[in-house]
Each structure stands twice: as C-alpha cells, then as structure tokens.
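Straight from TrEMBL, the features:
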| type | residues | note |
| --- | --- | --- |
| DOMAIN | 288-363 | domain 'B5' |
| BINDING | Asp341, Asp347, Glu350, Glu351 | Mg(2+) binding site |
| DOMAIN | 582-676 | domain 'FDX-ACB' |
Amino acid sequence: MKFSYNWLKEFVPKLPKPDKLADILTVHAFEVESVTQREKDYVLDVKILPNRMADASGHGGLARDIAAIIGKSAVVKTKTVKEGKRSLKDVIQVEVKTPLCRRYALRGMTGVRVEESPGWMQERLSACGLRPINNIVDATNYVLLETGQPLHAFDADKIGGKKIIVRMARKGEKIAALDDKTYDLDESVMVIADAANAMAIAGIKGGESAGIGVGTKDIIIEAATFDGPAIRAASQQLQLRTDASARFSVGLDPNFAGDALERAVLLIQKIAGGEVLKDRVDIYPKRVKELKIFLRPAYVNSLLGTSLRDAEMIGILKRLGFGVSKQKNILAVTAPTRRVDVTIEEDLIEEIGRVYGLEHIKPKHPVGELIPPAENVSFTMQERVRDMFRGVGFQEVYNYSFVGEKDIAAVGDSVDEYLQLENPTRAEYGYMRSSLGVGLLKNVAENIKHEDGVRLFEIGHVFRREGAAHKERIHAAGVMAKTSIQREQTLFFELKGALSLFFEAMGVDAWFDDVPAPSKNVLHPHRSALIKIGEEKIGVMGEAHPRVLQAYDMRGAVALFELDADMLGRITQKETEFRPISRFPSVLRDIALLVPLDTRMVEVEDVIENTGGKLLVDTDLIDLYEGSELPDGKKNFAFRLVFQAEDRTLKDEEVNVIVERITKTLEAKNPEWEVRK
C-alpha cells in the first residue's frame, strides 16, 4: 500500500527522513518495498500484513505506530459535525436483512456542489494510486486512505422508493457497476439495494444506478462493516478486487465505522458545501467490546530475553493506544477494538518486543539441559527406505488407501479379507487396502504405456482384518516392469538384486526363502520368494502372476515386493556389529546344480555356507531356470560364491579345495542333487 510522507507528517510532525523512516518501519514489522520521490513529496510502498489491515491500512493508523516506535505522540483530529434541522429518517428508510452486515451507518447531506476536488486532495489520491473523479467520491476515497475504513456515497434522488436494503442478491440478478461492467450475481453475494434493484455490491463496488453525477444535490454516505469471509468469497467469485474489498476481506473494526463517517461528512462539507441532516442512521445490533488481557511482566522478559521495567512496558502499550492499569505484579491491558490481531497475552508481548526493537535484545546462549527428543523409529525408517530406493532408481508414488471390488478380484483376493467402508465416497473405493500392491500395479498399467521400463515404490498404511478387530501397519512396497526383455524370469533376479543392495545398506542380513503353497495370489507360483531376517518373515517378492497381468492388460514382465516397514524398523533398532573391510581382493566362483522341482533354495544355500567356512563371505543365487532343455522334474540353481581373507590374498589352489569340498558335500546331502561340471 502506498503512503504519502507529507500526509504522515500531519499526524507525526517530527518524522525521520523518508529513507530513515523506511528503515525504521521495516525492522518493526512494516516492510517498506520502495521509497519514491514525487515532486515535493515522497511515496512509501509499505507491505501491510493482513492482521494489521484493520488498524494500520490508513495514514492515521500507520502514523500511530510510527509515533509509538520513535517515542512521539500522534496528532488526533477530532471535530463535531454541525447538523441541520431536517432529519435523515424523513428522507430514507433502512433495512438490514442479513447478519453478514455487522454494522450499517448512514449520513445524509443536502445542497452539495459536485465539481473537481481541490488540487491538494487530487495530488494525495494520485500519489497513493487512486484516480480523482469528483469532490464527493474523492472525499470518501480520501477518508479511506486516511482511516482505512471504506465508504460509499449515493445520489439520494436516485434511490428508488427512498429505501435502502442490505440483503443477499437474488438468483440471476445483475448490476451495472461503476467500472462500466455488468456483473451476474447470486444468493451468495451481498448487495446494497433500493426498493427495486441492487445499487452496489456490498464491500466491493458501487453501481451506476445511484452513482454521484454532475447534477447531484443530495447525497447519502455509507460506512459499514461486512463479514470478511463473505466479502472475500464474493470478490473471488466475481473476480473483482478493490481497495474496499481488500480491507473488508480481512476484517475491520465495526466501532471505527462511525468515526470515519463523521470525518467524511466534515470533509465533504468543507470542499462541497451543503447541510448535514440530523439523526444519523446506525444499525449496530451486536456491539464489539474491548478485550481485557492480563499481562505478566516477568513472563514478558522471560519470553523476549529482556530486562524491561514495568514502566517501560506500560509506556509502549499506552503509545500504541492500549489502556493499562497495574494490579500488584500483573498489568491489566485493555485492547482497543481496532486491534483485531491482539487477543492473548503473547500478542501483547509481541507488540512490546516489536516496538522496543528486536535489534536491542542481546543474544544469549540458552540455559538448561538440552535433551534430544526420542527417535521416532517409524519415521526414521520411512526416510531411510525412501533414500535407498531412490538411490537404486525407484520413484515414489502416493495412492489412495481405498480399493474396489474390481481391484480385489484382479489380484485374486476375496472381499471378505478386506475392511469395508460404511459410507464410501465412490463405489470403486469401497474397501480399505490390505496391501500396497494393488495401487502400484494400477500405476504400472498407466505408465508402462509411455515407457519401456518403470520402477515405482510407495510407503503407506495397510489395513488387515483380524477376527472382529482390524490391524493397521506401515508397509513399503515397490514394483519394476519392462515391456521388452529377453527372458521373463530375468526381472525376478533384477528385483532380487535391488533388494539385496537395499538390505545390505540397511545393515540387516536378509535372505530369500521359497514360498510355501498356497502362494500369495498376486505372485507367480514359481517365481516368488519370502523375504526373511533370521526366521522372521518381513515380506514377499516375485514376478506378477500372468492372470494379474491379463487383468490389468499389461505386456512384458512385472515384478513387485512388499515389506512390513514396522517390523523392519524394530529389527534395525538392534545393535549393529561392524568389522573392518578387508584390504585383500576377493575370489569368485560359480556353482550350478540340478535339483528336483520341489527343492527349496535355502536348503542348498545352507549346505554351501555351512561347508564353505570362514573364507566364504557371501553366497548369492544368480540364476533359477526351468525349461524343456532340462531333465523332467528338474530345475537349475546357479550360485555365486565370494571368498575373501582378512590377512592375505587367497590363492586359487586353496579356493579350489573349498569349492571341491562344497561340491562333494552337496552331492552327498542328496543323491538327486547333481553339481554341473
């Protein structure tokens, strides 16, 4: 908002220079964005925060704060209106039909002259960004800039039926406004109307029908207070923002409307002549009362880190217009109604600190024992999971916690296993999800149309039925998909590799076990695995069942996993043991063997690791193959063995001895196991 430096000086005669004033305002919560010279004046563009619009959007209000900050007194302008013998009540009838009008006050004047406003007034209006129109309209705008209270003037002879009604607009009602535009109104927009039609959009814009013209002799001046949210909503609906709507939208003090009205009448009488009708109309059903707040000086200093005396606090508050009385160790403070932003003790402390100057508060180290908060294990786990999966090329998605019967059927589940919503917002969202997989599969179905490869993950809540009760847990799940791959089963191992990297980074020793029948319906019966840490199952992984791919019309291969993040967080809370990384190179060996179809991978892995000894530091399944090239009833496991010593470089001869021992042990374990040479 723009403020005239010379105008401010009328309220605070001994003002600092413009640039110095700008610095003072900026460090006391009124940010000055620019200072511009305009002939013999300076214009300050000040950012008034919404909570200070009620008392500081006018020159008088801002000057009051400036005076309090620099320790001066602001000039208060008070004059009494001289009324004529004729009564306003004989000229106009007023009716307020909506509670959204908190106060509605009118003054009437007769015999005014409509002409150009004086040069000094035009100059100040132009400096503040308003276009001069005529002396009556300019006077109302001048008072707006001086006090922050919007006003409006009507031509009394153009008011139909000699009646003013504050009401909500009728459906389909239109108004031709003073900006030469016609606006379509509805029942959510408040209007000022005569006996027949709307004359103004309340709190926003006047209409042409009762506008001030050259021939106007008798006028009605309005000062009102309207409901802030209602004006803001109407302004947005009509896409019409004005100086008046900007102020009404954030809430104004109803008690100040009357003072602004009297100021406007005095100013109009000064520049346009005329006689003021007696008996001001003032409909104010629920008067706003001043608020009393108790302030503890000790608390002020404790919160601000200052050593202010009671007298200093009282002086600051009184300069700001607050009433203060001392009661033992408590200050009873009366907040003026224009300070709609001050409602609690901390608001008063903020005012004291603001005016005293935060730059005067000396920095101190905090005193006391600083105790770190307890770690939120679940939150920490989720952040670690996010970072790690992003690191291996997955992108995070967020899905609804609801699924429908179609989704449940697609993954081969029964609705009886799901919690049903009593009042779903949409038919296709009638159940709480028991797995994150459904949402991820739908994400893949949409995105795989545009990309050859997709990697997605999600962390969220799942809901499981447990008898009559239900259980809510946090899961982490991911999916990868490819439309063009050489062999479908390759994706199983690609996902397994990504998960192995994840668990290694998490510092947990996870392993993959065969899925016992019946397998999870969403996964392929022969290309899936349980994920375990020790003997605890923490999740599942594998390729999607062909039936699921068909249900979502997906081609290629899709592999997914789902982990119990709550359980994973609990396990990773345990103390981790570290050992130095060996400085010596590792030696790799691959072992492939034919086994019966019902052989579990973990059975073979256990034999290898128990036989390999301390020099065998890692065992990974790198291939699982079933095909017509193999003997009937057989499948092929391929393992990669990693050997490493902490104190020397291993020789091929000693590694070969260990591999030979492993080979003999495997074949001795089960005659149907055949190590391929």
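Positions of Cβ are set from backbone N, Cα and C atoms, glycine also.
What TrEMBL says about a protein is an automatic prediction, not a curated fact.
Overlay of TrEMBL feature records on the structure.
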residue : record              : contacts (Cβ under 8 Å, 6+ apart)
Asp341  : Mg(2+) binding site : Asn51, Arg52, Ala54, Asp347
Glu350  : Mg(2+) binding site : none
Glu351  : Mg(2+) binding site : Ile316, Leu317, Leu320, Val342
Over the span of the domain 'B5' (288-363), count residues by DSSP class, listing helix, strand and coil in order.
33 helix, 16 strand, 27 coil
Along the domain 'FDX-ACB' (582-676), what average pLDDT does this model show?
90
So around the Mg(2+) site, Asp341, Asp347, Glu350, Glu351 aside, which residues have their CB within 8 A of the centroid of those CB atoms?
Arg339, Val342, Glu346, Leu348, Ile349, Arg354
Tell me, how many other CB atoms lie within 10 A of the CB of Asp347 (Mg(2+) binding site), whichever protein chain they belong to?
16
